[in-house]
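Now, the feature entries from Swiss-Prot:
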REGION    1-22  region 'Disordered'
TRANSMEM  61-81  transmembrane segment
TRANSMEM  85-105  transmembrane segment
TRANSMEM  111-131  transmembrane segment
TRANSMEM  138-158  transmembrane segment
CARBOHYD  Asn206  N-linked glycosylation site
TRANSMEM  237-257  transmembrane segment
TRANSMEM  279-299  transmembrane segment
TRANSMEM  305-325  transmembrane segment
TRANSMEM  327-347  transmembrane segment
SITE      Thr334  site 'Important for channel permeability'
Amino acid sequence: MDDNPTAVKLDQGGNQAPQGRGRRCLPKALGYITGDMKEFANWLKDKPQALQFVDWVLRGISQVVFVSNPISGILILVGLLVQNPWCALNGCVGTVVSTLTALLLSQDRSAITAGLQGYNATLVGILMAIYSDKGNYFWWLLFPVSAMSMTCPVFSSALNSVLSKWDLPVFTLPFNMALSMYLSATGHYNPFFPSTLITPVTSVPNVTWPDLSALQLLKSLPVGVGQIYGCDNPWTGGIFLGAILLSSPLMCLHAAIGSLLGIIAGLSLSAPFEDIYAGLWGFNSSLACIAIGGTFMALTWQTHLLALACALFTAYLGASMSHVMAVVGLPSGTWPFCLATLLFLLLTTKNPNIYKMPISKVTYPEENRIFYLQSRKRTVQGPL
């Protein structure tokens, strides 16, 4: 026979090699833009300072949802522009001013480059614009936004010096402190910077269960994620979920689950449907679910269940704090998320599967789990 089987195999292998290389190149390329984009950060180290600063600002915008990824920051910025360009502008101004202030105060450079000195001011700028009673494009508002953004690195540094003793993050406590201070100092009747009037509930809400809309409930899931940035547009919430997904699929999953649990909590307390549809029950629980479900605790099925419990607890705490703080005319912000999640992180247990990540090692859930498994392996092999 003239046929050479060996030659045929070699020929087939030669034709398949480029396809195999293509399949290998795709995951490698995705590796450069997913996670925390560490390779990109290393590449920027010898580049112009202005380019590095843009990277820090974009990471700061995305750090609100525990993501340190400039591309995710761009996507989130796009989502903010879809929602309201004025809010997006205030958020950017806050992030830039806060990052510059941290540089002037000689704060930890690694925290600045990771965006950890910008994210609180992102929320400060956005929420100050939302609660302003002057409406959009009241340009004088940029002055108090800049002033309050300058306080964020101060609050962060002070809180970190205390919380670091327990190896705890500051979360969005600086944002809550800055926003509460500003709104309580100005109020609804301030002649220069009036804020939206917030009043406690004084009557029984009209909740008619047959009017409950399944479509609106479905929309409220991405809206709950969007409300982390004060956005009530479902498309914006979807963009935010995409930005989180780019960095970490596990974070995206927990963000969606947390928002869903917030909806369930709202329905269980017969909350006004308008509040549930607007995502007001979902954003704190979404943040809590992300934080416990793999970010500040290594992801196991035990910590996954703990994240679900924390999300529900946060939603109910949010309802409680909203009623209490409305008495003094203030929003609850992300106080419920901060307090509930810090409480869960202080949990002590002898279960090795509930592993709290050292703050210095926290990145994103997939990488955190690898660190946890390696640490556990070293612990097992240590005595040998």
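Using N, Cα and C of the backbone, Cβ positions are placed for all residues, glycine too.
Comparing the recorded positions Asn206, Thr334 on other C-beta atoms within 10 angstroms of each C-beta gives the minimum for Asn206. Across 111-131, 138-158, 237-257, 305-325, stretch 305-325 shows the highest tally of CB pairs under 8 A with the transmembrane segment (279-299). Thr334 (site 'Important for channel permeability') sits 27 Å from the residue listed as 'N-linked glycosylation site', taking the CA atoms of both as reference points. Sequence-distant neighbours of the transmembrane segment (138-158) (same chain, 6+ residues past either end, Cβ-Cβ under 8 Å): 90, 93-95, 97-98, 101-102, 105, 107, 116-117, 120-121, 124-125, 128-129, 132, 170, 173-175, 177-179, 181-182, 186, 192-193.
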